[in-house]
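According to Swiss-Prot, the disulfide bond annotation covers CYS289-CYS312, CYS301-CYS309, on the basis of similarity to another entry. Residues or ranges marked as N-linked glycosylation site by Swiss-Prot: ASN88. Residues or ranges marked as topological domain 'Cytoplasmic' by Swiss-Prot on the basis of a curator's inference: 1-58, 112-127, 231-248, 339-346, 399-424. Annotation comment: Swiss-Prot describes 80-90, 149-154, 200-209, 270-317, 368-377 as topological domain 'Vacuolar'. The transmembrane segment feature in Swiss-Prot is assigned to 59-79, 91-111, 128-148, 155-175, 179-199, 210-230, 249-269, 318-338, 347-367, 378-398.
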Amino acid sequence: MKFASKKNNQKNSSKNDERYRELDNLVQEGNGSRLGGGSCLGKCAHVFKLIFKEIKDNIFIYILSIIYLSVCVMNKIFAKRTLNKIGNYSFVTSETHNFICMIMFFIVYSLFGNKKGNSKERHRSFNLQFFAISMLDACSVILAFIGLTRTTGNIQSFVLQLSIPINMFFCFLILRYRYHLYNYLGAVIIVVTIALVEMKLSFETQEENSIIFNLVLISALIPVCFSNMTREIVFKKYKIDILRLNAMVSFFQLFTSCLILPVYTLPFLKQLHLPYNEIWTNIKNGFACLFLGRNTVVENCGLGMAKLCDDCDGAWKTFALFSFFNICDNLITSYIIDKFSTMTYTIVSCIQGPAIAIAYYFKFLAGDVVREPRLLDFVTLFGYLFGSIIYRVGNIILERKKMRNEENEDSEGELTNVDSIITQ
């Protein structure tokens, strides 16, 4: 078995060596053309060669990123449309969605997941890890729920991008990730670009904003980071099935979501505020709205008033589409963390901010929440793409360095074996 695994490792390393050797040759060609005073056209052709080589070698992750981005954009748009229709019943929609997720994941897992079970997964209970992920997600939702009440839309978008440095810090501290200077530079470019754009937009709006609630919203990113790291540890160490993890996490979230109920009674929640004596009535009205299409809140409601107006007609269709895209979002997120890493998911997910902003330009996607195009959204998108390219360059350098270290270790091991044979 050791011989077979060693043979596979050598095969994989030789394949990677070939990739990086080609990359080195392209880089050296570029250096030669610069030293020889090559034409501008030749330099551009060389850059396009490097880009084509990178895309060809990592085509799967790029296709997966595009699929994830599409699903994520649709998830956020239908979440917004669901909120506009039945925003008075957040607890009902949350619990119903968790129940649907649990049923769907368990059905699919029972049909397809059991065949993939391994010995580590079969002989160990992961209930503690599942519960920990659910609790971390619940803590994140509660903090975000409070923080969003006094955080403007532009600041919300900026806070989302802060997940990059927060994840980098905790992954370095706990998972022992190591970064190149270009990783830090790329992350800074993404965060600073979006910070400048969103700060400018925040000055143009007159919405209520509070630094304390902004900090509460930022703190919501920490449990999300630990939740994703727990997923990565479970995936990488125990090779647990993605469907099983999502099914069990959804099961525990049915109970951990109940922790949010007392939060609704906080008086500063404005339209989401719900007194204790109205909780049960709100739940009954929520189910009537979602499944029967019956409006309850129709008077003294609307923008800037104590309550949102119900728009329950066809709400179940919008909610069903939201649930579908959210389930797909969860599956792809887990897959990216499983096959790649928490940081890969973080970098990929941060493009959703500018992408969602642009998606709201199209009425067939956004529906009633459509808005006019803004130049600053495209500036944000460009900043993200440029920062991501720089970040990826740092990863390539680290991968090449890792391959060289493995080569040196293999060659040292072979020399040791030869020496031992000679001495015998």
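Cβ from N, Cα, C; glycine included.
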Just name the winner among CYS289, CYS309 (the disulfide-bonded residues) by count of other CB atoms within 10 A of its CB.
-> CYS289
What does DSSP call CYS289 (disulfide bond) in the simple three-state scheme?
-> helix
Find the member of 59-79, 210-230, 318-338, 347-367 that has more C-beta pairs under 8 Å to the transmembrane segment (179-199) than any other listed stretch.
-> 347-367
Can you find at least 3 Cβ pairs under 8 Å between the transmembrane segment (249-269) and the transmembrane segment (91-111), where each pair is 6 or more residues apart in sequence?
-> yes
Between 59-79, 155-175, 318-338, 347-367, who has the most Cβ pairs under 8 Å to the transmembrane segment (91-111)?
-> 318-338
Under 8 Å, at least three CB pairs between the transmembrane segment (128-148) and the transmembrane segment (378-398) (pairs 6 or more apart)?
-> no
The topological domain 'Cytoplasmic' (339-346), counted residue by residue under DSSP: helix, strand, coil | 6 helix, 0 strand, 2 coil
Counting Cβ pairs closer than 8 Å to the transmembrane segment (347-367), the top stretch among 59-79, 318-338, 378-398 is 59-79
Residue list, the topological domain 'Cytoplasmic' (339-346) vs rest of chain: Cβ under 8 Å, 6 or more residues beyond ends.
-> 61, 163-164, 167-168, 171, 175, 177, 225, 228-229, 231-232, 333
Reduce the DSSP letter at ASN88 (N-linked glycosylation site) to three states and note it down.
-> helix
Cα-to-Cα gap, CYS289 (disulfide bond) vs CYS301 (disulfide bond), nearest whole Å | 16
Compute the C-alpha separation of ASN88 (N-linked glycosylation site) from CYS309 (disulfide bond), stating it in Å without decimals.
-> 8
